[in-house]
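TrEMBL annotations:
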type	residues	note
TRANSMEM	B:20-45	transmembrane segment
TRANSMEM	B:52-70	transmembrane segment
TRANSMEM	B:76-100	transmembrane segment
TRANSMEM	B:112-132	transmembrane segment
TRANSMEM	B:152-174	transmembrane segment
TRANSMEM	B:205-228	transmembrane segment
TRANSMEM	B:240-265	transmembrane segment
TRANSMEM	B:272-292	transmembrane segment
Amino acid sequence: MNSVSRSRRRRLSAAAVLGAIALTATACGGGGGSGEGDTVVIGYTGPLSGGGAAYGENVKIGLEMAIDDLNADGVEVDGNPVTLELKSLDDKYAPSTAASNAQRLADQDKAPVVVSPNAGAIKAIQQINSGRSNFLISAYTSDPAIVQADNPLTMMIPPNFESYAEEFSETAMEHGGKKLALLGTQSEYGQQWTKSIKDAWSEAGGKIGGDNSVDYATVSDFAGPVSKALSEKPDAIFVGGPSQPTALIMEEARKQGFKGSFLVMDQAKLDEMATVTKLDNLKNSVGVLPVSEYEDPGTEDFLKKFAEKAGEKKVPTSETALNYQGIAIIAKAMEAAGTTDDPEKIREAISEALPEVDDKYKVNGFPDEITEQGHLLNPNLEATFLNEDGKYTKVPIEQVSDDK
Amino acid sequence: MRLTRAALMPAEDPTIMTLFIQQLFNGLALGGVYCLAAIGLTLVFGVLRIPNLAHGALYMLGAYITYFFLTTVGVPYIAAIGIAAIMLFIVGVGLERLVFHPLRNSPHTHHMIAAVGAMFFFQALAQAIWGADFRRMDTPITGELRILGAEISAQRIVIIVTAVIVLALLALFIKRSIHGQTIEAIEQDRVGASLVGINPSMVSMLTLGLSALLATIAAGLVAPINLLSPTMGDALNLKVFAIIILGGLGSLPGAIVGGFALAIAETMTATYISSAVGEAVAFIVLVAVLAIKPNGLFTKAVQR
């Protein structure tokens, strides 16, 4: 009895040692090429703990789904099969941590691509990605400042947020009225949105009340800020921050008798908001189109796979879907460039790769071109108006230039 | 132009009054929550002489456990808060035994570092169990009350009433019961209290347990009008520290007055000046009070 268990223990520890060696071998990957094909690390630095953790996790799910699917399909670069591997590091939303994470992913793991989902972090990483170390930034932010920086190795995935302001204002004015109250979040991004909406609203001939922006993350009770915004008797309210607190603000406004329309910033997703409040509270709003409302060739399968991975209750958002597309584009660009370790060639090959990407990866408004500055452009960008019947109607959006 | 203004005037007058009443109740509800959270913190400071930086994390944990019993297990709202409060009492006792008690003879910085460590531990634990997503907790208490033309949600009335009841019970407990009196005795004079046979480490456990219990009641009350997330305690932590410094460290009346004063100042400045100033007002008031009365509004007679 004793000897059996001892030998088993020995076997187990031998297996553990072997496992550890195998892990080390993969971790050193990149140029290693042990056994069949190479392993290429896709780096990811995002908030995985702290206040932004939910957002960072959503991005990560998209990356994981893409890498699983691509590996199952098989990626072949220059005649060699390549296995993609995701390596994620937590930056807690801090740009300085994000930059050192990116450096580490590029130097230690030889990652040719690093994904980052936050404008501040991307700006910090842009200081180090084309110099001593070279890597492509897969940038998930709608802040055009990152392409204005003229960084040769940046790929910006989502549409420029400034594109939404004009159409949002017109739609909300049509369904609400001329007087706007501002109740967005006080983050840097929220304030950029507020300004963009303010400009578009005045241009369309509307009136704007006082700025009632509040910090969605620190306010314990939204009733106060909402009462204040409503005291100016607005016809439309601009709201937005993370989906869930935005939903509470809208619910509170409806409770206090607001009948007008809402303009919802792109950070908040109407379908995700519907998980914390009744759809009734969200009606008469213009916002970004939920992933599930897209009719791209791969959307349906993507939604199924997402439900399997994240559970039926979780709502897929564009953070997941657009990063899923982004990795598929990068993998195709590696194939087109015939290299996994030359980020410049990968970046150059993106426009050639776009039409080659398999239909199954087209899930959330697939781009057909990449601008000189590195912005992926979806030709048919659409937003949505959630009407009185609780139906999402599509609103076409004309994209503005990324130039200042 | 003149005509429109004249037409608007009668309609605007009641609005101004309604807005004021609405915000007064919002401020009182917020004050109730601040108070319950601040009292626990000030008690711990009075007895253990440490700023418990993990207080916000206990509040967060209390909210999640209430959520668990209400939503996952399905017990009624009040019972869920009660069970969570008892569980957090045990967590508080455990925190004292496992973290603060072993450090009782070490320098004060060690307590603070340990408290920060406990805070991160609780946050990571909550994220591991419930995930990083925001959660919404629904209550059976719905509907609005019309008070002088203002629509006040029933939940806010419940918050105000519960806060008053809990505060009254707490005062009764501290002033009248033996266990409560030992807390006050230790606060006033640790050595003297031990000499008359009070066991300081029992009182320390009781106090931390009580502070976690009060924070849980606050969290259970406020959760339905806000959202649950592993970092929900951070913002509260900062404000509650401002409140107890404002009121005087270790002072119960200070925490009560400070809690309501700060909450009302916050809502009123946000209403009549701007939201940005509303967020900052806690700290403006704090600096102003400390400049005039460096020990806070209600300085304790004995400071050891």
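Placement of Cβ uses the backbone N, Cα and C atoms for every residue, glycine included.
Touching of the transmembrane segment (B:20-45) and the transmembrane segment (B:112-132) is ruled out by the presence of fewer than three CB pairs under 8 A, sequence neighbours closer than 6 excluded. Between the transmembrane segment (B:272-292) and the stretches B:76-100, B:112-132, B:152-174, B:205-228, B:240-265, Cβ pairs under 8 Å are most numerous for B:240-265. Non-local neighbours of the transmembrane segment (B:240-265) in the same chain are 24, 27-28, 30-39, 41-43, 45-46, 51, 55-56, 167, 171, 174, 187, 281-283, 285-286, 289-290, 295-300; each lies 6+ residues outside the stretch with a CB under 8 Å from one of its CB atoms. The list of residues near the transmembrane segment (B:205-228) in space but at least 6 beyond its ends in sequence, with Cβ under 8 angstroms from a Cβ of it, reads 32-37, 39-41, 43-44, 46-48, 52, 55, 58-67, 80-81, 84-86, 88-93, 95-97, 100, 130, 134-139, 141, 153, 155-156, 158-159, 162-163, 166, 170, 179, 182-183. Remote same-chain partners of the transmembrane segment (B:152-174), defined as residues 6 or more beyond its termini with a Cβ less than 8 Å from a stretch Cβ, comprise 22, 25-26, 28-29, 31-33, 35-36, 39, 139, 141-146, 180-181, 183-184, 214, 217-218, 221-222, 224-225, 252, 256.
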